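Residues annotated as transmembrane segment in TrEMBL: 6-24, 89-110, 125-145, 152-171, 177-203, 224-245, 305-327, 339-356, 386-406, 418-435, 1060-1079.
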Amino acid sequence: MKLKNYFPVIILASISILIGILNYKSGIWLTGWDNLHPEFNFWLNIKRSIFAVWQEYQGLGLLGGMGHASDLPRQIFLLLFSLFIKTNYLRYIWISLMLIIGPIGVYQLLHTVLPYDLSTDKKKIYGFLGGLFYLLNLATVQIFYVPFEAFVTHYGFLPWLLAFTFSYLLSGNRKTLIYFIILSLIGSAQAYVPTLFVVYCMALSLIFLSELFKKNKVQRLKKILVLVFATFIINAYWLLPFLYFTATSSSVVSAAKENYMATDDIYLRNKEFGTIPNVALIKGFWFKFVDYGANRELNYMIDPWLRYSASPIILLSGYFFFFLILLGLLSQSKKRSEFSYSLILLFMLPFSMLLTDTFPFSELNNVVRSYIPLFSQVFRVPFTKFAILASLTYSILFAFGVGSLVSIMEKYYKRASLIILPILVLIFIYALPIFQGKLFYDNVKLKIPDEYFETFKYFSNKGNTGRIANFPQASYWGWNHYSWGGRGSGFIWYGIENPILDRAFDGYSTSDENYYWEISQAIYSGNQEMFEKSLDKYQILWLLVDDSVISFSSQKEIYFNKLDEMIGKSQKITPSAVFGKIRIYRVLLTSEPKNLVFLSNSLVNIGPQYKWNNYDKAYEEYGNYISDNRQQITDNKTNNSNDLKPITYNLQPDVYYPFRSLFTGRKQEELEFGVEDLGTYFSFKTKIPKSMEGAKLVIPKFGNEVFNVGEINLDNIVSKDPQVFLDGEVIQIPPPLHLAGIMASPPEVDQPATPEVKISSEVSLTLPYIKEGNLEVRVPKVGGLYSYDSNVTFDVFENVPKTCDQFNKGLLTQETVIENNTKLLKLTSVGSSNCLDMDLGNLAQRYGYLVTVESKNVEGKSLLISVINKNSQRSDLETYLPKKPLTYNLKPNTSFFILPPMEPDAIGYTLHFDNISIGRVKTVNELGRITVNPIPYKFLTSLKIVTDLSAFKGQTLKGDIKVDHPNPSFYKVDLSADSTLTPNTYMVLSQSFDKGWKAYEISCQLSVVSCQLKKLFPFIFFKEIKDHVLVNNWENGWDLSSTSYNLQPVTIIIVYLPQYLEYLGFSLLVIFLGFLFLTREKKYPHGIKIEPVVN
């Protein structure tokens, strides 16, 4: 074929290559924001993709919630390129390649859908214009500005996939189907963000739907079924595991702290641009996104484009292009061509999904988001999901629109086609900054310091020898800034095989997030014992401290000095290596696993299991422990003791902590205890199981945690003692045993607890009967120096709210209102935020406090509350107050927040409130009384019920154990016969608890070939060890009592069963491709060829 037939393609490719060259920077890495870097260690990351269901390297291990395996074809492609291209250019090459093939794909697509009778030359011209517009529009800029592999792959392959979809629907040609399959396989990297695959499937569905309204329905249906089947089989290797995650664990994503804190904000930032003028230009939230520049000052991230696109000429050019798009849409609605209906539907899908602030689409979107939380989470950023499809359909209709304009003008002017030249020039002018090096954000074109690669090499030489805790851990946000310019969700795990406890993974794991709450509480409270216990509890073998991490709000909140002090004091931590600003330490663990497996015996059964916590008193006292994973997690968030939910157990706890979790750093509805303000005292309530009758209630000594200190005379100190009630009856202690500060009174015959033991630090009493199990601790409310009451200081109403957002200075008002005799401060914001601070400078941080806040969410977002630690300058607590209930409530809500004891010598907090409005959405909140009072935090968390006081700490066994761990989902554990092992022995797998983990005792000789084959499917051939228990409230354990480990050597296979879904997907793919390439094409495989309609 002559070269001139490829001339438009060559020009498009040349322009794309030129853009790549002009945006190239020598010696840099394209890194930061969200990124994938398999090039740091190809074989490691390819292995992870082959065994992608269980993400072992992500913190404590988790079920993959993204299309991790889908990146495999891209990784293999880059591996081949790495043979002759330097590593730091590989990511740049892939991204540039997508920039090249995307516009060419549009050209190919237009060749398929343009009218059948259109001349070849016009097809080339209009195809070229469509491809050029796809390359040079604002959607392309925003997708590539901070490129992420899934989005740019979607950009590159979507036009090709739709082109061959249309082509196959026309011809039913086997060769076309093979092209479709190959492109689907290579382009599956778009599914790393599975919602992009959902958008792709939605597009296919609309095409298929429109096909079924045409003639020859049976023949068309056959082709549709072939494409559906092929799409499923090609993607099954990553899709089946993702469907499993969606069915079993999708709620984890929306429940994650960083997600529920950000989801509404992100959506509202998208909604702000959900107007017709913005959608017409495909302008999204990036145009108001701010980031810290090299001068460490906030500025609009996309500032060069913001200023350029604001020019009247550029703005008018954009709207002129949209006029041509609408003209093209009109031409499709009037002229009946083969794919007119498909193109109209394809345009309407992204157009309607992006119009989130335009009636009626906004109302429909709000309803769906309200009743389908999963939809609200996965499509919280509509722009990134639908902008590429919008850009594609705009480009197609743009070409049709130019064609229609030329046709109209030809009626009056013979040389009307010359209008194409100024349009062509206008496209280049519209996207001029692309040719000035502004396609990529300057802050993602960086040189990664060599010390990171030295760190990769260090751990590579060590092998996968244990879990790494990286520091600092200043915030729950999985986002860091570095002194060398880097920023984003991180990258070091692409070069290190060891699991790394980074915050980037918390969005998919409650265990990972709980680790953060515990370790940060330990560091910022200066609690050395808690710090070391946390390292033991989570089996952390290495500490990696990156001194290049910085904070733009306050460098002090990073707390390197405190971390260094705690590391220096520890006898368990020794320096191991230093590479520039990266320091590595080795930890001597009490329970050091072998390939993440260890044995332990005499494990205490602790109750209740908690969901969220920042202080594990049980581990501090007993070391490794088990919990009945079938028990109900405490849910006692109520003010009425009659409403407390009963707790049932399959296994009787040895030790039960009534107030095991006093954590309040998340949503109010998640509190695992009840609390009520009853005027003169606070009532802390919980439910204990009736099965604990006859057990001993151990009451700790009250250590002067609640007392009134005179604000003027500091020597005027009055200590207050709590009272303990069971089922409404006070637990009375005779005066000689009155050690805990519990209310003393003469003993009665029928009291709910009788004293048993007196020891130096606690009192133990037997519980002879339990009626309902309602346990209550009444804490006297005290004032004085270590307290605060806004009804006394009046600063809620006297403080003047200020604007906190320098980039959003819209409407901001405040007024005092009276509702039901309650005085409230009403804050109203539109496109702005009202900030209000209250100084609590007198509070000694060595004590725990209860903060109560009266508030009412009237409209829009609820109030953000932060408790800023004046010593560390960090937000110790940050969350949103309750939202407006579905049924309108006239009374304000009372929220309860507990501040645990922090550093012994530190003083002062700041209460910060923020009334945030984004875009045109009004936010109205009312703020009432705020109080802060000391509470006996240590007393409450130490209160426990014990069935056997002789219960002792679990011990790690040093028996002969060999562990073979070839991939993340498989362990072979060899136990030698050891008569010293007790019947109460557990095998612990140091991975976050998941019911998908199964253990099987092997009953054949592995040296036999048939046994090796059976080992691959242990769930079919071998006996399962059923007693799967929760260890340390996060990891897996199996009771080995049912095995013969103490009589003879035993081999146990541990597998993660859902991994077999990926194996099934690979098998289906191989069988399908084998069948496709090894069989011959029938003469008429899909019936008659359907000719396109001629206009």
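Cβ from N, Cα, C; glycine included.
Put simply, of 152-171, 224-245, 305-327, 339-356, the stretch with the most CB pairs closer than 8 A to the transmembrane segment (1060-1079) is 224-245.
Non-local neighbours of the transmembrane segment (177-203) in the same chain are 36, 66-68, 70-74, 77, 148-151, 153-154, 156-158, 160-162, 164-165, 168, 226-227, 230-231, 234-235, 238-239, 242, 346, 349, 378-379, 385-386, 389, 1069, 1073, 1076-1077; each lies 6+ residues outside the stretch with a CB under 8 Å from one of its CB atoms. For the transmembrane segment (152-171), same-chain residues at least 6 beyond its ends with a Cβ under 8 Å from one of its own Cβ atoms are 74, 94-95, 97-103, 105-106, 108-109, 111-113, 134, 140, 143-144, 177, 179-180, 183-184, 186-187, 189-190, 192, 196, 199-200, 203-204, 207, 211, 220, 223-224, 226-227, 338-339, 342, 388-389, 391-392, 1089-1090, 1092.
Between the transmembrane segment (418-435) and the listed ranges 6-24, 125-145, 305-327, the one holding the most Cβ pairs under 8 Å is 125-145.
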